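Below is one structure; the comments refer to it alone.
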Ligand SMILES: CC(=O)[C@@H](O)[C@H](O)COP(=O)(O)O
Ligand SMILES: NCC(=O)COP(=O)(O)O
């Protein structure tokens, strides 16, 4: 059964709506861990629309499970990661105009750059995960970078409407999961997962960790973060 990385980006979204100091993502991480989170994930975006550098620095000191820093593969973010030393880094694509992450990282199209970034991070003792679509060319390119993990982008599965489309997208994820493991990659997944669609993804053989944020924070606004995390852990178990 996969573990749960709770992405607390959107706690910071509420804070940034007023450019104020609450709710504090650092406090949210404590409550998420009390609710059973196996890790904390934050996306330090180039535009700082939600998580701030201050949040990442404090989370490094306070997170008791593991801290996963999502970031673009840029010189700025590489320097921050090497300084703060998260438990692992997930390299994700970023476009300023996007509402949220729209697709997987094009590893095949920027292999030389990503090999350099992965080598520097893992050389500094920080394992790297690459956030990719479950496309065989992308997964093969991930293996070429010698990154330890991939994170399968579950957006297409989450957005599928019909039973046929859901089944098709789940099969794509399953094939990607199998190929990745054959190539020696460890497999995580995330993006758009909810209490209602998470269980089939959790069931994929070899799935290690699910990174889930928006749906948990959405529920937490109504019932509290500890309970929202506890209920997501149960949903992952099929409860
Ligand atoms: C990579 C991914 O799917 C999310 O973890 C990412 O954080 C989405 O960006 P926002 O949190 O800004 O929506
Ligand atoms: N990488 C996925 C993640 O961290 C959370 O994505 P979402 O659940 O907020 O869509």
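Glycine residues also receive a Cβ, built from the backbone N, Cα and C atoms like all the rest.
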Among 90, 100, 119, 145, find me the residue TrEMBL lists at the same 1-deoxy-D-xylulose 5-phosphate site as 9, 10, 45, 50.
100
Residue 70 (active site, proton acceptor) versus recorded positions 7, 10, 43, 45, 214 - nearest by Cα:
43
Listed recorded positions 45, 50, 191, filtered to Cα within 10 Å of residue 213 (3-amino-2-oxopropyl phosphate binding site):
191
How would DSSP class residue 9 (1-deoxy-D-xylulose 5-phosphate binding site) in three states?
helix
